[in-house]
Ligand SMILES: NC(=O)c1ccc[n+]([C@@H]2O[C@H](COP(=O)([O-])OP(=O)(O)OC[C@H]3O[C@@H](n4cnc5c(N)ncnc54)[C@H](O)[C@@H]3O)[C@@H](O)[C@H]2O)c1
């Protein structure tokens with residue numbers, strides 16, 4: 001497979017998301033001519049990839065530095081950001097220099113945030129190495145770190161100069177992490193692109209194997225299509241004025257699960273349950289036909305993603321949903337579907353409806369749609 005796909009994200013400063021294999025050669029061109037120094041930020045798990053990036057940039061004449069940061073969420077702290085500001089300061093990085101972030105969404109969020117804040121903004125090229133980061137975290141310009149009080153509470157909107165999605169990087173992913181990332185691709189299918197759902201449904205076995213999937217045209221097309229969905233939304237609405245909300249499909253309930261589980265659940269797994277929850281909510285509200293709800297369960301289950309959650313957590317989940325930063329005032333807001341590709345906002349649904357939807361996904365409950373599968 002030597003195909004390379006490009007998706008342009010429009011906006012004040014348009015940029016390309018490049019999807020393919022072995023994309024290193026693309027990097028110098030994305031940095032442009034004024035850049036002299038580059039800081040490559042990466043976790044230990046991606047050291048080999050980062051070393052190759054560093055070597056390549058040096059060969060192209062850039063003064064290149066590497067900074068290893070802690071793994072996953074441990075990287076998204078003020079301390080790690082301060083460490084990187086220190087590295088940039090010591091190496092005299094100017095406003096025309098750049099950061100390249102190589103890693104999962106945690107690394108791209110951190111790298112983007114440090115780029116947004118150094119000298120009030122230098123360019124960042126994102127090199128995402130997880131499915132989630134390729135189709136979600138690294139695209140769209142949201143960057144941030146966590147504080148003791150919560151996730152992503154400090155951040156900035158800072159679109160990248162480019163995003164390079166090298167599918168070869170995915171071959172080393174753990175299978176369940178890989179599949180959890182597919183939940184965001186399935187989400188893009190439900191909110192905007194039915195072809196995604198057909199592709200997933202037609203290639204379930206392939207998609208459960210990270211190595212085979214990463215070498216396939218199917219994943220190339222899925223990542224491209226999911227990026228197109230995100231690009232079209234963020235191109236029109238960088239700062240979440242409205243349209244961008246549809247990307248939160250399944251996320252209000254998903255975030256609540258993550259909160260109740262103290263972030264020990266994978267994001268994609270929580271969003272998977274969250275999508276079935278809002279599908280049930282829409283069905284109970286008379287908005288969504290049974291077969292579309294059944295399709296949610298079928299496609300997510302076939303990938304090995306969860307579609308149920310323990311039945312004794314309603315009060316805590318409800319409290320967590322009320323605290324979600326997407327809530328406006330006291331009104332709970334959900335993105336629900338009126339059909340595939342037809343997302344709408346549902347504000348302040350009746351509390352009995354909310355609880356009834358929970359009963360449909362609660363473990364031990366008998367769900368009419370689950371039985372019909
Ligand atoms: N900015 C946004 O719009 C946005 C959107 C969604 C999620 N996020 C953020 O993204 C983060 C989650 O992203 P994630 O799921 O990529 O997690 P992650 O960055 O924590 O990576 C998960 C694990 O996979 C490892 N890893 C990464 N690439 C690998 C590879 N190719 N092979 C083997 N191991 C690899 C990492 O070292 C880590 O241990 C969260 O912090 C979330 O808040 C941001």
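The backbone N, Cα and C atoms fix where each Cβ goes, glycine too.
Computed from a predicted structure; not experimentally measured.
The Zn(2+) site recorded in TrEMBL comprises 251, 267 together with one of 184, 198, 201, namely 184. Under the three-state DSSP scheme, residue 184 (Zn(2+) binding site) falls in the helix class.
Candidate binding-site residues: 75, 105, 184, 251. Those with a Cβ under 6 Å from ligand 1, in sequence order, are 105. The two recorded residues residue 267 (Zn(2+) binding site) and residue 105 (NAD(+) binding site) have their Cα atoms spaced 11 Å from each other. Computed over the domain '3-dehydroquinate synthase N-terminal' (68-175), the whole-number mean pLDDT of the model equals 97.
Considering other CB atoms within 10 Å as the measure, the emptiest surroundings among the binding-site residues 107, 130 are those of 130. One way to see the shell of the Zn(2+) site is to take the Cβ centroid of 184, 251, 267; the remaining same-chain residues with a Cβ within 8 Å of it are 132, 136, 183, 187, 250, 254, 268, 270, 271, 274.
Taking the Cα atom of each, residue 130 (NAD(+) binding site) and residue 251 (Zn(2+) binding site) are about 19 angstrom apart.
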